[in-house]
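Just dropping this structure here.
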Amino acid sequence: MNTGGRLIAGSHNRNEFVLINADENARIRSVQELSGQTCQICRDEIELTVDGEPFVACNECAFPVCRPCYEYERREGNQACPQCKTRFKRLKGSPRVEGDEEEDDIDDLDNEFEYGNNGIGFDQVSEGMSISRRNSGFPQSDLDSAPPGSQIPLLTYGDEDVEISSDRHALIVPPSLGGHGNRVHPVSLSDPTVAAHPRPMVPQKDLAVYGYGSVAWKDRMEEWKRKQNEKLQVVRHEGDPDFEDGDDADFPMMDEGRQPLSRKIPIKSSKINPYRMLIVLRLVILGLFFHYRILHPVKDAYALWLISVICEIWFAVSWVLDQFPKWYPIERETYLDRLSLRYEKEGKPSGLSPVDVFVSTVDPLKEPPLITANTVLSILAVDYPVDKVACYVSDDGAAMLTFEALSETAEFARKWVPFCKKYCIEPRAPEWYFCHKMDYLKNKVHPAFVRERRAMKRDYEEFKVKINALVATAQKVPEDGWTMQDGTPWPGNSVRDHPGMIQVFLGSDGVRDVENNELPRLVYVSREKRPGFDHHKKAGAMNSLIRVSGVLSNAPYLLNVDCDHYINNSKALREAMCFMMDPQSGKKICYVQFPQRFDGIDRHDRYSNRNVVFFDINMKGLDGLQGPIYVGTGCVFRRQALYGFDAPKKKKGPRKTCNCWPKWCLLCFGSRKNRKAKTVAADKKKKNREASKQIHALENIEEGRVTKGSNVEQSTEAMQMKLEKKFGQSPVFVASARMENGGMARNASPACLLKEAIQVISCGYEDKTEWGKEIGWIYGSVTEDILTGFKMHSHGWRSVYCTPKLAAFKGSAPINLSDRLHQVLRWALGSVEIFLSRHCPIWYGYGGGLKWLERLSYINSVVYPWTSLPLIVYCSLPAICLLTGKFIVPEISNYASILFMALFSSIAITGILEMQWGKVGIDDWWRNEQFWVIGGVSAHLFALFQGLLKVLAGVDTNFTVTSKAADDGEFSDLYLFKWTSLLIPPMTLLIINVIGVIVGVSDAISNGYDSWGPLFGRLFFALWVIIHLYPFLKGLLGKQDRMPTIIVVWSILLASILTLLWVRVNPFVAKGGPILEICGLDCL
């Protein structure tokens, strides 16, 4: 890198980069280089001084600035050199300004306003030529980063017009300010009679009236920039593979583009260190607590004591599994400007990697087409190069309603996409953009915006009416099924028996938007279904999309979103690319997971729909280990990682050995046995990487890079057979899988590609392949997301958790408690299936690249449904204690009191510290605690039994799609209780504990003051359960949110039966009873 003898300096935190002269010789050379150069502010030639030397404004870096600009900058600007930021010193003949040092040896006041032979006064310096950067509206860094000899903006931050003569200058309003490059304020710098012109009030006005003609501004500006780039000196950085040799980018921009695209932000030590210390302290307290509990049994209630101790031990193990993965939480920050500097260069095609976006839907009646349409529209309007985005919609229900709705969506996208990109609309899902109560005029300066917004809102309302009409028509299905417009029967009339369907709506036949711009590709996909084939539900649909996209577009990165999760931040793909395309750390990242945020939830969030504790605490903790788990939506994948390849390994340097010692010497702190074990593990890893090496080996063979004596044809055929056995029998798809960086085969006709795409979504394509086993979304559980992420982490990949300030995605949450419990039931059922399968993280994946703390998190994700058994038993103990007068602990001593207080205090303080570093409110934390109990005694319990029946007895459970919110009114059904058997267990527990409290208080009143002491512990125990089940109590007592009568009746009946049964077979009452004797008294 040639720095011209200047010293490189900068600040990473302040995002600054400058070049400073290192010695006087370099400064002299820089001064000599000024001869014949032009001012980098106004483009006038730098004049000579009286001594015949070029005028030098800055003695530190000799940045080329003419005398008038120097004087104006000292008077109206920031009085500093644009390049090195050194304050301009007062030169001979220059007027004094505020802040100048007292100097007696330069000149006197008589010459203070003389400029030598120039004869130019301040009243002759044009205001139109240079306006203070403080009023420009451009960021300061635009000028601060200018290098020596490079083109930097005028002080007005405008551009020069090449058509204007050298003695006249025009301010060009940049397009980013809405001026579209029009010329304003022609002024003369040589004629003092020309007055300075003010800024126009309306820059968008046709400026041909100012006398400059109507020549296309864009053509003239491109020509001017080309000429200027030929004249200006360019500082090139040699040897950088990310920048081509012919780039004319200036040095500071190049340096900025070479910096990392993201960085880790560890939690402050003042927050995380007390948290870690408390975790260790809590472990010690737990040890002392269990030591006391085990050594002090309750003799008259031994069964209660034993059951309670077993439950408490399980809760402690569950807490350890949940706690230690949060040991090292981190946050991350991305730099979108650096991404643009590195991969988006002016005048060249964008270097950003293509992305294929997958949207999955099943039933349009439960997943309204309008919601799916908004998701698709937000994807098509994303802030990303249109030729690098392809949207694939999987319709696993083969519904003609979805097909027709997508057709209407493609037509409306021709208007919506250019509107969003023209006015930088956020969010870009029209339903949420038009319904949100916000100041939509904020930062909008274009006068036509209001008019076009009204027209667009009217167009969207018409679009909604069309979609609603389609939904109404779909309610009445014809007896013979649906037909197309030409009378052909709709292929998907039979949901379980239909051929594969692919329809490319946008991006293929030259369909453009209303402004004649290209649109992203939009493809409808419905895979083939036939009786007798296992279609693997959502996982099978996603694998079909992988293969279709690999044939049609083959982008190296994939984004997966549910049909109800729209893109809320149009720069979401760029946020992910800051990690994926980072040359330093991006190669080992398998996916970037975004948090789930939701609309349609009230601020109280009674049923913990937002799940804030998981997304803002647990996921940040996992990000500090090997990365967050995959949650099923809002995730950007690396295609090669989904193909089952191992993560690239870093080359390790040579290790130190002790060859000078005999083999029996153990000074190397090792043994033969350990070395042998490591060798076995290394051989196992080597075998796991053979598949990934095949691809690169096959590429080498195709390019002719093979070893001497090898049989090219045999090697190619053998590897091709292995790849076809792994990926399937489609040669086009196998060829695309070999391309690590994506891309399409040359000279491939659309007809051939479409034929191959139909083949890869056929029913039998996955037979005798590794799809669903080692490739793509993994089969074997209804929660395929956990298995898929676990597989990739086991191959040594790491994931990243990205939390931009503006939520990347937003979705619809379950409307009421019943739907919420059914959603949790499905998640828990999937965890039970994984726990009982060969992919259980307790015994699967050893010897790979999975870190042990990451393994703990996966174990916790599949073990948590089993906590429902001890939880429901433990929540029943308070009622039993109150009904029988027994308790799970003996009389408490002072030592025991201290232990209990220390344990409860550590639990509370741990929660407080988690809320502090996770930035979670106490309401969200408490709702999460409540729903942990509610879900644990209901959905988790049912999932446990269903999972055991499914795995052990083969009784399959149907997957129920969670209903998405319709637009029937804000929070209309949010607290509506619907009939479901999931509500009976928690309701029964609530009634039993309420009965127990009533019985206990009545007994204490009857027995007097001495009974209140032992009662306090039992009451506290029962109230703890009642408070956690408070939403049910409110539903039982409230008028608006009343619980269904059938649930109340069943719960009361069950509670009464259990209470009477306990009274009948009370194990704590002596079986024999008292011996009656005749006392001789006549008792009446």
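Cβ atoms are placed via backbone N, Cα and C, with glycine included.
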Looking at Swiss-Prot, which of ASN747, ASN958 is flagged as N-linked glycosylation site?
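When Swiss-Prot is consulted, N-linked glycosylation site appears for ASN958.
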Are ALA953 and LYS1034 on one side of the membrane according to Swiss-Prot?
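Yes, same side.
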Suppose you had to name the range Swiss-Prot annotates as coiled coil; which of 66-94, 211-239, 675-703, 704-732 would you pick?
675-703
Return the residue out of ASP322, ASP396, ASP497, ASP513 that Swiss-Prot annotates for the same UDP-alpha-D-glucose site as SER360, LYS366, GLU367, LYS537.
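Candidate listed by Swiss-Prot for the same site: ASP396.
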So which residues does the topological domain 'Extracellular' (890-894) touch in its own chain, when a touch means Cβ under 8 Å and the partner is 6 or more beyond its ends?
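Cβ under 8 Å, 6 or more out: 296-299, 900, 1017.
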Counting only residues 6+ away from its ends, which parts of the chain sit with a Cβ under 8 Å from the topological domain 'Cytoplasmic' (916-930)?
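Counting only partners 6 or more residues beyond its ends, the topological domain 'Cytoplasmic' (916-930) has Cβ contacts under 8 Å with 267-268, 271-272, 275, 329, 604-608, 610-614, 616-617, 620, 1027-1031.
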Sort out the residues at least 6 away from either end of the coiled coil (450-476), same chain, that have Cβ-Cβ distances under 8 Å to it, and list them.
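For the coiled coil (450-476), the sequence-distant neighbours (Cβ-Cβ under 8 Å, at least 6 residues beyond its ends) are 364-365, 368-370, 373, 399-401, 404-405, 408, 412, 415-416, 419, 423, 430-431, 434, 440-441.
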Which is it, of LYS538, ASP562: the one of these binding-site residues whose Cβ has the most other Cβ atoms within 10 Å?
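Max Cβ neighbours within 10 Å, all protein chains included: ASP562.
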State the three-class DSSP label for ASP562 (Mn(2+) binding site), counting H, G and I as helix, E and B as strand, and everything else as coil.
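For ASP562 (Mn(2+) binding site) - judged by DSSP and reduced to three states - the answer is strand.
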Using DSSP, how many residues in the topological domain 'Cytoplasmic' (916-930) fall into helix, strand and coil?
12 helix, 0 strand, 3 coil
When secondary structure is assigned with DSSP, how many helix, strand and coil residues does the zinc finger (39-85) contain?
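Here the numbers are 10 helix, 4 strand, 33 coil.
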